[in-house]
Amino acid sequence: MASTNNVTELIIVGLFQDPEVQRACFVMFLPVYLATVVGNGLIVLTVNVSKSLRSPMYFFLSYLSLVEITYSSTVVPKFITDLLAKIKTISLEGCVAQIFFFHFFGVTEIFLLTVMAYDRFVAICKPLRYTTIMSQFVCRLLVAVSWLGGIIHSMVQILVTVQLPFCGPNVIDHYFCDLHPLFKLACTDTSVEGVIVLANSGLISVFSFLILVSSYIVILYNLRNHSAEGRRKALSTCASHITVVLLFFGPAIFLYMRPSSTFTEDKLVAVFYTVVTPMLNPIIYTLRNAEVKNAMRKLWEKKDSGIK
């Protein structure tokens, strides 16, 4: 850390204080996290193995699922193990590292969702030029830019954080390390840093969300010229994406586009987008997508035939 700090270790308050409630949360959240890893991992495997899922949409979906695994894994494993611990601690360096990777993967997901909306826009509004516009090179470039954007965003957050002095107290009122709770522990005024975080996190969320909404308004308008079957298929695909966008952006905008206050509601909202939403994404995409379900079924049948 760049600043001189008396604090080297932080105590995490956690989600609940009652040991019984914490044990109940452990029993509930552990299967959710395992389902997140298995479900998203299965999508990554299916897309990479199946020859029928070679379109850009599934290429982006596989990277989104990969990001979901890493995004959830920056927070949830420690959160789950802390539910069984009497004293929950993390080093200051570990806290900053968690913030870095949490924001890195979170913003990468935002950019990937925006890229996926652009892919649907081109597919529906410019179908004759789709394969030319969404070439393999362009798809890889868009994914690379999404990762790069996440890194740049996260580095800004960390550069702001490491300049702050922490001289006590050392109790962080959350169940994982994030910027607003950590800023509360700094022994200096953090109003400027708060504005930077608002601009860096909140505005990225809002502008990306507005781009997404605009894309889907144009898509829905253009669907008027499609056949009934074409509209049904396009709406089915878009509905899955819109659902995921709302589940992700809603909590993000709630947390980062307002001044920090009490963290009671923040913790509950954070549980939703760090634990629950990453598990829901593979369910949403597979239940509404016949191609993914068929590819998974073939993969399973191939596995069974290999065992026999």
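All residue numbers here begin at 1 and follow the chain in the order shown.
Here the Cβ of each residue, glycine as well, is placed from N, Cα and C on the backbone.
Summarising the annotation, TrEMBL assigns transmembrane segment to 26-45 (among others).
Marked as domain 'G-protein coupled receptors family 1 profile' by TrEMBL: 39-285.
For 57-76 (among others), the entry in TrEMBL reads transmembrane segment. Counting residues 6+ beyond its ends, the transmembrane segment (57-76) has Cβ neighbours under 8 Å at 29, 33, 36-37, 40-41, 43-44, 47-48, 98, 101-102, 105-106, 108-109, 112-113, 115-116, 119-120, 123, 139, 142-143, 146, 176, 237, 274-275, 278-279, 281-282, 285, 291-292 in the same chain.
Sequence annotations record features per position, and here TrEMBL assigns transmembrane segment to 96-118 (among others).
According to TrEMBL, the feature transmembrane segment maps to 138-160 (among others). Within its own chain, the transmembrane segment (138-160) has Cβ neighbours under 8 Å at 56, 59-60, 63, 96, 99-101, 103-108, 111-112, 115, 118, 179, 193, 196-197, 200-201, 204, counting only residues six or more beyond its boundaries.
The annotation transmembrane segment is assigned in TrEMBL to 203-223 (among others).
Sequence-distant contacts of the transmembrane segment (235-256), counting only residues of its own chain at least 6 positions beyond either end whose CB sits under 8 Å from a CB of the stretch, comprise 57, 106, 109-110, 113, 116-117, 120, 180, 197-198, 201-202, 205-206, 208-209, 212, 216, 219, 223, 266, 269-270, 272-273, 277, 280-281, 284-285, 288-289. Among the features that TrEMBL reports, transmembrane segment is placed at 235-256 (among others).
If you look up TrEMBL, you'll see 268-287 (among others) marked as transmembrane segment. Here the transmembrane segment (268-287) has Cβ contacts under 8 Å with residues 15, 29, 32-33, 35-36, 39-40, 42-43, 61, 64-65, 68-69, 71-72, 75-76, 79, 174-176, 178, 240, 243-244, 247-248, 251-252, 254-255, 293, 296 of the same chain, all six or more residues outside its ends.
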